[in-house]
Structures are given as structure tokens and as C-alpha cells.
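S.K.: Let me give you the structure first, and then I'll get to my questions.
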């Protein structure tokens, strides 16, 4: 049986490279799955050193359940599963000159408005 001296060295090199890649993987939203609790977080894109901008980010619950029969009868296109979700939104919303102004100083889980204009 012939032993090649390069094989253990190559294996150790590959193993150390793998550990280096895993260790250097960023501990950011993608690494955590993007599901922290609903809270205020600084927006790095729009913030300036003298004027930080915060926004509500995080996960709230979502669930799916069988559609009740009485509801299914009233649907134009009946579906078997109904889903319900809440989003992380600003607690206080005011209007200023007919423009919605969201004051992101406190966050909570509430109705998702991302699809509404």
C-alpha cells in the first residue's frame, strides 16, 4: 500500500478553507433568515451621520387555515386555503398636506399595507 504525503495536507488545506468561509460568512439579515422581532432599526442606505433615519423591520406572524364554507360560497374564485398575515409597521401614522407621514419611533405588528396605495 502506497501512501501519498500530499493527500493529508490537501485535506487539511480544504478543511481550513471551509472553516474560513463559514467563519467569515456575514452575520446579517440573510444569515439569520431575516426574521428578527419587529423593532426600529437604522436604515443604512438613507441615513447620514448627522441625521440617522430609522424604520420598522422584523417579522410578525402569518398563518394559513382552511377557508370556512360560508366564506367560500361568496368568493368569485373559491379557494381552499385562507391566509392571514401581519407586518411590522409604524405605530403612528399622520397626514400632512394630503400626504401620509409615518413616524417610525415605535413599531408593532399590524395589517400589511405594502400592497395598498
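Quick reminder: no glycine exception, Cβ is built from N, Cα and C everywhere.
Annotations per Swiss-Prot:
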DISULFID  35-59  disulfide bond
DISULFID  38-88  disulfide bond
DISULFID  56-107  disulfide bond
DISULFID  60-109  disulfide bond
DISULFID  87-112  disulfide bond
CARBOHYD  80  N-linked glycosylation site
CARBOHYD  103  N-linked glycosylation site
SIGNAL    1-24  signal peptide
S.K.: Taking the Cα of residue 107 (disulfide bond) as the centre, which of the disulfide-bonded residues listed as 35, 59, 60, 88 lie within 10 Å of it?
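M.R.: For residue 107 (disulfide bond), the disulfide-bonded residues whose Cα atoms are within 10 Å come to 88.
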S.K.: List which of the recorded positions 38, 80, 112 have their Cα within 10 Å of the Cα of residue 59 (disulfide bond), in sequence order.
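M.R.: Of 38, 80, 112, within range: 38.
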S.K.: Of 35, 80, 109, 112, which recorded positions come within 10 Å of residue 88 (disulfide bond), going by C-alpha to C-alpha distance?
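M.R.: So the list is 109, 112.
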S.K.: Based on Cα distances to residue 35 (disulfide bond), point out the closest of the recorded positions 56, 60, 80, 109.
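M.R.: So, spelling it out, the nearest of the recorded positions is 60.
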S.K.: Of 88, 112, which of the disulfide-bonded residues has the most Cβ neighbours inside 10 Å?
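M.R.: The residue with the most neighbouring Cβ atoms within 10 Å is 88.
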S.K.: If one measures from the C-alpha of residue 56 (disulfide bond) to the C-alpha of residue 38 (disulfide bond), what distance in angstrom results, rounded to a whole number?
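M.R.: With the alpha carbons as reference points, the distance is 7 Å.
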S.K.: Near residue 60 (disulfide bond) in space, meaning Cα within 10 angstroms, which of the recorded positions do we find among 38, 80, 87?
M.R.: 38, 87
S.K.: Of the recorded positions 38, 80, 109, which sits closest to residue 87 (disulfide bond) by Cα distance?
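M.R.: Among 38, 80, 109, 109.
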S.K.: What residues, ordered by sequence, lie under 8 A Cβ-to-Cβ from residue 80 (N-linked glycosylation site) and sit at least six positions away in the same chain?
M.R.: 66, 67, 72
S.K.: To the nearest whole angstrom, what is the C-alpha distance linking residue 112 (disulfide bond) and residue 38 (disulfide bond)?
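M.R.: One finds 13 Å between the Cα atoms of these residues.
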S.K.: Using all protein chains shown, find which of the disulfide-bonded residues 107, 109 scores highest when you count other CB atoms within 10 A of its CB.
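M.R.: Comparing the disulfide-bonded residues 107, 109, the most crowded Cβ belongs to 107.
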S.K.: Under DSSP, is residue 60 (disulfide bond) part of a helix or a strand, or is it coil?
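M.R.: Where residue 60 (disulfide bond) sits, the three-state DSSP reduction gives coil.
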